């Protein structure tokens with residue numbers, strides 16, 4: 001049964017322990033950062049930062065709304081990145097996670113381009129080749145970073161103090177999400193984001209603010225849009241890395 | 001629940017020999033040390049688990065420190081702990097950073113910013129010098145004695161016995177353990193120090 | 001905290017005022033959210049800033065910094081006017097019915113007794129007392145009608161705080177404020193619990209103690225003290241600030257909240273015991289506590305014949321020696337040697353620059369810490385010339401929390417054990433090792449002679465563990481816990497302490513924490529049993545909560561005088577007709593200690609607050625009893641303006657607390673609103689801890705929160721032409737700090753008496769050391785203090801802001 005995480009944005013307190021927990025489990029170093037107006041540093045995921053919490057702060061006619069939106073790979077049910085990766089470095093697992101094999105990555109950036117959420121990031125600094133990195137849902141079959149394969153929740157879920165993250169079977173979590181909507185009239189917008197968006201995702205979201213306002217893409221954008229544009233760049237990066 | 005050896009039990013029970021004999025036969029229950037739920041995972045199979053309490057705010061969350069070869073390799077919330085129930089805030093989960101940090105090779109190394117030597121800065125000097133403990137303890141003791149003896153008041157102007165020095169001050173710490181604070185308090189009062197304060201005032 | 005974190009889930013209404021749990025105590029926020037999910041807890045957040053906590057509030061009430069008393073008295077007035085207070089609780093468990101001296105007055109912002117002493121304003125509290133009958137008993141009027149009864153005095157006093165007036169002072173919109181009053185006062189019923197959560201937003205004012213009093217009065221009126229889901233819950237900012245306070249890292253105390261002897265009041269042990277021991281209340285046991293402490297410290301040398309070596313303790317000189325006073329003395333050259341032991345005053349203290357300069361006057365400084373803090377590096381701070389600084393500096397590298405073992409006490413008074421995971425790196429040592437070796441080194445020096453060596457040579461100091469480098473933590477803990485002098489056996493609790501010298505106990509309130517639990521086979525502080533019979537989250541066998549393992553203090557108040565719980569669903573203790581059924585350790589006489597006989601509820605109903613001499617909660621803080629004298633600045637909280645304020649006091653012509661402590665020097669310079677038009681407040685962030693001494697050396701946390709910033713409202717930014725991320729400078733009468741502008745709608749101007757007032761907010765975690773240096777907010781804070789506690793007024797100052 002595929003696994004999933006239900007993110008209830010009404011319960012997130014914006015502490016960002018999920019971000020540190022991710023680095024703690026996956027041995028990811030800190031990157032140099034600078035000031036960000038809304039305090040949500042770092043702004044975006046990188047090859048060393050696989051999850052971020054974005055802040056949404058809006059003055060709605062004198063009433064301030066502040067929401068905290070955890071973002072990471074959505075682990076699509078039918079992932080476009082996997083289809084785009086001709087190197088075979090990405091695969092969709094029956095357990096749900098979409099995981100990468102960095103040793104096969106040729107840094108062509110096709111996955112980035114294909115991803116409706118623009119998740120994949122490339123490790124360019126340090127030694128070794130340029131490779132794609134992203135959240136792997138703490139699923140690392142046969143590797144040392146495995147949690148989900150061993151029956152444990154991902155590190156971020158375990159760390160969350162607000163109870164905003166829940167790990168479980170995808171079908172059961174969709175059912176639970178719908179129950180939460182039904183049992184709390186007026187609390188949520190009537191949508192379980194990820195149930196069907198982009199063919200469905202393993203990370204599911206509940207919110208009281210419309211998802212478009214929180215930066216979630218509302219419709220599938222044409223994938224492979226700029227394949228041609230990207231190919232030379234990717235090839236260049238690949239060569240540069242090899243030479244280094 | 002994980003079974004714990006007698007040696008471990010004595011360690012966790014923290015009883016001196018005298019107190020142990022007082023217990024007679026050890027009771028029915030025993031401490032709860034369910035194995036950290038992640039302790040059996042590949043990453044931590046070699047690691048030692050130690051229960052601790054967070055060093056930051058006053059919530060008192062429980063955490064499990066995983067260590068290998070005398071270095072911290074991972075920290076996670078203690079799932080047995082009734083306050084945090086296994087979760088942690090970002091500061092708490094980053095506690096490992098005080099001991100080891102993850103470098104760009106994705107490996108743990110001692111936090112290079114930790115001071116691991118006694119340091120001394122002479123009057124007017126522009127740099128620190130590394131020293132050893134014996135030297136430092138003796139030199140500090142001499143400074144304490146010199147200052148105390150030069151400023152000690154046995155009696156005040158009304159002839160009341162006061163036995164104090166006003167020339168030494170101490171700002172203590174809300175980050176130290178109770179037992180440490182208690183001994184520091186005894187130490188300071190034995191010297192006659194009355195300038196004592198700490199974070200609680202701020 | 002009267003209660004504890006888990007108990008937040010039992011509240012019907014939580015009012016967070018002067019705290020920000022989502023940011024500073026995330027696990028506390030978790031329990032608030034648990035209550036919201038499970039029982040529909042309503043959350044009120046009162047804060048000048050729209051915080052992460054406010055993001056989850058049912059009602060967010062903006063408030064001008066420094067106007068909490070007006071805000072709280074307005075709710076009290078609302079409760080009294082609308083009869084929403086908990087009548088039976090108030091009559092039985094507070095001093096509402098006590099008659100006050102008819103000469104007690106309050107006029108023009110001042111209480112009766114205003115006078116001057118040595119050129120200083122002081123109060124003579126003679127009239128702040130109860131009326132007594134000829135037998136010396138306090139006169140009472142249980143009908144609460146007598147015009148001099150506390151209830152009527154309070155009612156008259158707060159009647160000036162109507163909604164309109166309060167909102168003119170606080171800047172809170174009237175409709176929002178009315179909702180707060182209605183919702184919070186809904187807890188004034190037997191089956192409702194209201195919880196007030198506060199932190200430094202309440203205390204860091206020149207009337208911080210009175211702010212707390214206002215909270216207490218409101219909670220007493222609504223019957224919210226001593227019950228599950230209620231209480232006054234001060235969230236403490238450090239892992240062991242509770243414990244370090246219990247252990248008296250404070251000039252005026254000995255461990256266990258015993259007064260430090262004072263030369264004028266306590267020349268002899270007899271004087272001490274006479275002056276410090278009230279006839280009633282649990283403090284009547286003071287002789288047992290102090291004499292057992294002296295036995296713990298001086299062992300066989302302490303005998304009844306030599307006042308148990310009482311004279312070996314230093315005595316205070318009648319002056320205060322708090323943080324700000326210490327640095328004042330240092331600046332004057334009176335302090336020659338200084339220990340900064342796990343504290344970083346160069347960033348954390350008010351008026352940081354004078355603090356750093358004061359250390360240049362020292363002969364020697366000992367810093368004990370993990371990293372090279374700003375305090376350790378003060379001699380090479382930006383702008384300083386090390387060659388001109390003659391202070392010798394010793395840096396002693398310490399162990400981190402999991403590199404040693406010992407106990408820490410959380411805000412809920414749980415004393416929990418931390419086991420050791422790894423050795424400290426290199427030559428770093430535990431603080432226990434450091435103090436042990438340092439004491440021994442000093443004692444060695446005094447073996448050669450020196451002034452008054454007796455306390456040093458004779459202090460009980462025997463913590464060696466054979467075969468170990470580390471002192472034996474068990475020996476230290478046993479001494480704190482207390483033991484029988486003859487047998488060395490640990491004491492089960494403070495009830496066993498004597499005043500004869502037969503018991504030794506380092507800190508009476510910790511008695512029992514190191515006593516073996518007969519069922520679990522471990523000392524109480526190491527217990528990890530998750531049994532929770534009531535489902536209220538008391539966890540009576542998880543660690544040990546002082547005093548006596550009590551989880552919710554004043555719990556007698558959870559039942560009516562006849563012992564029936566006000567709310568059976570939240571029962572902590574109750575009388576079943578013949579005996580007490582107790583889920584928590586009773587905070588009252590439930591059983592006769594000698595005979596074991598049950599004490600019927602009528603008796604304990606007389607004194608449910610066993611620590612005050614009246615035995616009941618104080619709506620009026622009377623001058624009554626040696627340990628529970630009135631606050632210096634009055635028996636009731638009255639609104640005054642912060643020392644620096646943009647407006648005149650609307651409540652009286654008395655602008656400031658007449659007793660506010662203003663120190664000397666550049667750090668105490670006062671700014672005028674003409675030059676510094678904006679309110680300045682300080683705050684913390686979840687990613688950093690206090691002065692950042694540890695967290696700014698944590699790569700992950702520095703990554704999350706790398707740079708000092710200045711919070712300003714979008715409206716102020718527009719007015720000053722400041723864009724998000726611009727470098728700006730904040731100026732006060734003390735100095736200036738730079739930072740990036742954070743322009744967010746979480747800050748909004750407040751309408752105060754028709755005038756728009758802007759609030760500028762500074763996080764205070766940065767300094768010139770660490771991975772990500774930045775300016776310290778405390779460079780611009782001031783040496784203004786509360787007259788009772790001497791806590792600095794960090795929360796409400798004046799500033800100007802400019803594009804840098």
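Cβ atoms are placed via backbone N, Cα and C, with glycine included.
Among A:22, A:76, A:81, the residue that TrEMBL places alongside A:135, A:138, A:156 at the [4Fe-4S] cluster 2 binding site is A:22.
Site annotation (TrEMBL, ligand [4Fe-4S] cluster 1) includes A:12, A:15, A:18; from A:115, A:160, the additional listed residue is A:160. Counting Cβ atoms from all protein chains shown, residue A:160 ([4Fe-4S] cluster 1 binding site) has 31 others lying within 10 Å of its own Cβ. If you take the C-beta of residue A:156 ([4Fe-4S] cluster 2 binding site) and look for same-chain residues 6 or more apart in sequence within under 8 angstroms, you find A:18, A:19, A:21, A:22, A:51, A:70, A:72, A:165.
Following the DSSP three-state reduction, the secondary structure of residue A:76 ([4Fe-4S] cluster 3 binding site) is strand. Using residue A:135 ([4Fe-4S] cluster 2 binding site) as the reference Cα, a 10 A cut-off selects A:73 from the binding-site residues A:73, A:81, A:105, A:115. Summarising the environment of residue A:105 ([4Fe-4S] cluster 4 binding site), the number of other Cβ atoms within 10 Å of its Cβ, over all protein chains shown, is 23. Listed in sequence order, the binding-site residues near residue A:81 ([4Fe-4S] cluster 3 binding site) (C-alpha within 10 Å of its C-alpha) are A:111, out of A:105, A:108, A:111, A:138, A:160. A distance below 8 A between C-beta atoms marks A:15, A:160 as the binding-site residues from A:12, A:15, A:22, A:115, A:156, A:160 lying next to chain B. Sequence-distant contacts (6 or more apart, same chain, Cβ under 8 Å) of residue A:115 ([4Fe-4S] cluster 3 binding site) comprise A:79, A:80, A:81. Long-range Cβ contacts of residue A:138 ([4Fe-4S] cluster 2 binding site) within its own chain (separation 6+, distance under 8 Å): A:25, A:26, A:97, A:145, A:146, A:147, A:148, A:152, A:153, A:154, A:155. Among the binding-site residues A:12, A:108, A:160, none has a Cβ sitting under 8 Å from a Cβ of chain C. If you count neighbouring Cβ atoms within 10 Å for each of the binding-site residues A:15, A:76, A:135, the highest count belongs to A:15. Residue counts of the domain '4Fe-4S ferredoxin-type' (A:95-125) by helix, strand and coil are 8 helix, 6 strand, 17 coil (DSSP-based). In three-state terms derived from DSSP, residue A:135 ([4Fe-4S] cluster 2 binding site) belongs to neither a helical nor a strand segment and is classed as coil.
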